[in-house]
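**Q** Have a look at this one before I ask anything.
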Amino acid sequence: MTNIRKTHPLAKIINNSFIDLPTPSNISAWWNFGSLLGICLILQILTGLFLAMHYTSDTATAFSSVTHICRDVNYGWVIRYMHANGASMFFICLFLHVGRGLYYGSYTYSETWNIGIILLFTVMATAFMGYVLPWGQMSFWGATVITNLLSAIPYIGTSLVEWIWGGFSVDKATLTRFFAFHFILPFIILALAAIHLLFLHETGSNNPSGIPSDSDKIPFHPYYTIKDILGALFLALVLMMLVLFSPDLLGDPDNYTPANPLNTPPHIKPEWYFLFAYAILRSIPNKLGGVLALVLSILVLAIIPLLHTSKQRGMMFRPLSQCLFWLLVADLLTLTWIGGQPVEHPFITIGQLASILYFAILLIFMPVASIVENNLLKW
């Protein structure tokens, strides 16, 4: 009798994706983040669903409904903080996942990479809209500042912003539509993630050496299922430490003040995971230029496969590129720090230098270093 998991139409898909999937035998813990992102997404959808049962998307009651969730709903505070800090864990995993792709040359799988970029944009949009929902001071002013950036688009900008707002300012209509979008987008992300996986399984996984591993594959289960469970347990440990010991560590105290259109907070800043892009935006004195730089800070990832000049795939055996990669990581950490600082000397200059360095490393230094390494191999 044939095994049902290999013959049943639905079980067969699951089997070929998670059980009998031929996987390179040498992939490291850096390959855990795909499954961790899947776990984060499911966690966010579930906690978000329970929050949506008690939340009201009305400017008059949104803030108090979140307070009600934390005070009166059974374990509401756990659900709320798991959702808020779950978003932070999601972005940590995302950044590490993208970093892994850059380091090991996974971007040569262009379909998988491009779907990944679309996923990154979608997750960022979802997180931004979710941040608006508690209707605190930073929610309101964050929404006002970020949506207002669209007014930099020539000719249609102002009309576009008012169309998104549903009026002449961020108000009830804006909050209601942001809630609707915030609810639907995770399911779109789920569909995109399935497509991401579909394209990945067309080519098979990359591995640390960057050398094709068709001659040395092992089944995904039990080897990598157990490895992924270990990663998931570590993720759960970090998340629950955050939720139970310092739930507001990554949040903004201003968001515990109800939204007030008449009172601007001293420093308007987004959640920590957007600070690097926010710093790039602020480092350009021109509004349209800043918006373009902001979009390009993520969209630059789409150009990277075209700039791959090395004869090797990953950076495992390329010391010059490795140095540049870790310089890029340090630069992004610097940008994240600058994004949270007020716009004054010396932060302005540091931000501008870090922004220039970010684009220079990705677009100039890395391709040049690869050419140098190719020539060094000839010696």
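Just so you know, glycine gets a Cβ as well, placed from its N, Cα and C.
Quick paste of what Swiss-Prot says about this protein:
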- His83, His182: heme b b562 binding site (BINDING)
- His97, His196: heme b b566 binding site (BINDING)
- His201: ubiquinone binding site (BINDING)
- 33-53: transmembrane segment (TRANSMEM)
- 77-98: transmembrane segment (TRANSMEM)
- 113-133: transmembrane segment (TRANSMEM)
- 178-198: transmembrane segment (TRANSMEM)
- 226-246: transmembrane segment (TRANSMEM)
- 288-308: transmembrane segment (TRANSMEM)
- 320-340: transmembrane segment (TRANSMEM)
- 347-367: transmembrane segment (TRANSMEM)
**Q** Using all protein chains in view, find how many other C-beta atoms are within 10 Å of the C-beta of His201 (ubiquinone binding site).
**A** 14
**Q** What is the number of other Cβ atoms found within 10 Å of the Cβ of His83 (heme b b562 binding site)?
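**A** Other Cβ atoms found within 10 Å: 21.
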**Q** List every residue in the same chain as His182 (heme b b562 binding site), at least 6 positions away in sequence, whose Cβ is under 8 Å from its Cβ.
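**A** Looking at Cβ-Cβ distances below 8 Å from His182 (heme b b562 binding site), excluding near sequence neighbours, one finds Gly48, Thr126, Met129, Gly130, Leu133.
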**Q** Do the transmembrane segment (226-246) and the transmembrane segment (320-340) come close, with at least three CB pairs under 8 A (pairs 6 or more apart in sequence)?
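**A** No, these stretches are not in contact.
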**Q** Over all shown protein chains, what is the count of other CB atoms within 10 A of the CB belonging to His196 (heme b b566 binding site)?
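**A** Neighbour count, Cβ to Cβ under the 10 Å cut-off: 21.
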**Q** Check the transmembrane segment (347-367) against the transmembrane segment (178-198) for contact, please; criterion is three or more CB pairs under 8 Å, pairs 6 or more apart in sequence.
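**A** Contact between the transmembrane segment (178-198) and the transmembrane segment (347-367): absent, because fewer than 3 Cβ pairs are under 8 Å.
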**Q** Just to be sure I understand the packing, how many Cβ atoms besides its own are within 10 Å of the Cβ of His97 (heme b b566 binding site)?
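**A** Around His97 (heme b b566 binding site), other Cβ atoms within 10 Å: 20.
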**Q** Mind checking which residues reach the transmembrane segment (320-340)? Cβ under 8 Å, same chain, six or more beyond either end.
**A** 99, 102-103, 269-270, 272, 274-280, 282, 310, 347, 350-351, 354-355, 357-358, 361-362, 365-366, 369-370, 372-373
**Q** Quick test of the contact rule: Cβ under 8 Å, at least six residues beyond the ends. What residues does that give for the transmembrane segment (288-308)?
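**A** Tertiary neighbours of the transmembrane segment (288-308) are 98, 102, 105, 107-108, 110, 113-114, 117, 120-121, 124, 149-150, 152-154, 276-278, 280-282, 355, 358-359, 362-363, 366-367, 370.
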**Q** Could you check what DSSP calls His83 (heme b b562 binding site) once collapsed to helix, strand or coil?
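**A** Its secondary structure by DSSP: helix.
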**Q** Here's one to test understanding: among the binding-site residues His97, His196, His201, whose C-alpha is closest in space to the C-alpha of His83 (heme b b562 binding site)?
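**A** Answer for the nearest of the binding-site residues: His97.
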**Q** On the three-state reduction of DSSP, what should I expect for His182 (heme b b562 binding site)?
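**A** DSSP call for His182 (heme b b562 binding site): helix.
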**Q** If you measure the residue listed as 'ubiquinone binding site' to His97 (heme b b566 binding site) at Cα, how many Å is it?
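**A** Cα of the residue listed as 'ubiquinone binding site' to Cα of His97 (heme b b566 binding site) measures 17 Å after rounding.
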